[in-house]
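Visitor: Okay, here's the structure, questions in a sec.
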Amino acid sequence: MSTSAPPPSQPPQKLIFAPAGQSTTPQATQYHKNTLSLSQLSPSPYTQFHTWFTSAQTSSVPQPETVCLSTASLPSGAISSRYVYLKELSPSGFIVYSNWATSRKARDVASNPQAALAFWWAEQERQVRVEGVCERLTREESQVYFGVRARGSKIGAWASEQSKVLREEEGGREVLERRVREQEERWEGKTDEEIECPDFWGGLRIRPQMVEFWQGRDSRLHDRFRYRLVEGEGEEDGGEGKWVIERLSP
Ligand SMILES: Cc1cc2nc3c(=O)[nH]c(=O)nc-3n(C[C@H](O)[C@H](O)[C@H](O)COP(=O)(O)O)c2cc1C
């Protein structure tokens, strides 16, 4: 009696495999636009970031202020990431603005003040990573940036319970638009300047303990430099602290 072998099982279909942009070869994009050496770096990661950011702005990087913000809830440890805009850089940290009542990031930072940022400037083949501890700006500090926002964005901040479910059976987007109309009525007759910053909305400062500057190189042999804050040193008189710079393997 002959038994026939079962048909070979099909490999699971891959929807994406080794994508290589416009290239017909599956090899990853090569980076060759620039190099980075210790002698080019500022002793301060703030100054170095400012130099790279300004260069990204003048090199037609679209929206170089776009940054991936990662936060993590405790005790679960579940991490969440999303893009936000970097709105300020000062010697005390990197500042982003958001809703701190209903969003996922609000829940995360309420349980865990650690946060991380990652910028990717493709036109320059550069990445910057930031890790540190975050804190809310005061209402007065937040009001300064809120004050320069467009009227519609101010109304939107009041109206949107960021990341809350908008139930279809209750009207879906119509619920949001009704809330917007309510806020427009509330602030009717007030000038743009008179619209107050909501208590639940404002800035989050990420005080960096680590900043990494990454310059893409050929064959994945990238240049990477990490600034590490040496706790407790150089912070007298409001100084930004003492930074150690190390080259990392790619
Ligand atoms: C390019 C870009 C920039 C964004 N900038 C912000 C921002 O500055 N602040 C903000 O709260 N959400 C911003 N968002 C929306 C967030 O990605 C996200 O949807 C929202 O903050 C809710 O996230 P959460 O519930 O995980 O906290 C931006 C989205 C994109 C794609």
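Including glycine, each Cβ sits where the backbone N, Cα and C put it.
Sharing the feature lines straight out of TrEMBL:
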{"type": "REGION", "residues": "1-27", "note": "region 'Disordered'"}
{"type": "COMPBIAS", "residues": "1-11", "note": "compositional bias 'Pro residues'"}
{"type": "DOMAIN", "residues": "60-181", "note": "domain 'Pyridoxamine 5'-phosphate oxidase N-terminal'"}
{"type": "COILED", "residues": "166-193", "note": "coiled coil"}
{"type": "DOMAIN", "residues": "201-250", "note": "domain 'Pyridoxine 5'-phosphate oxidase dimerisation C-terminal'"}
Visitor: From the DSSP assignment alone, can you count helix, strand and coil residues within the domain 'Pyridoxine 5'-phosphate oxidase dimerisation C-terminal' (201-250)?
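Guide: In the domain 'Pyridoxine 5'-phosphate oxidase dimerisation C-terminal' (201-250), the DSSP-based counts are 6 helix, 30 strand, 14 coil.
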Visitor: Based on DSSP, tally up the residues of the domain 'Pyridoxamine 5'-phosphate oxidase N-terminal' (60-181) by helix, strand and coil.
Guide: 42 helix, 45 strand, 35 coil
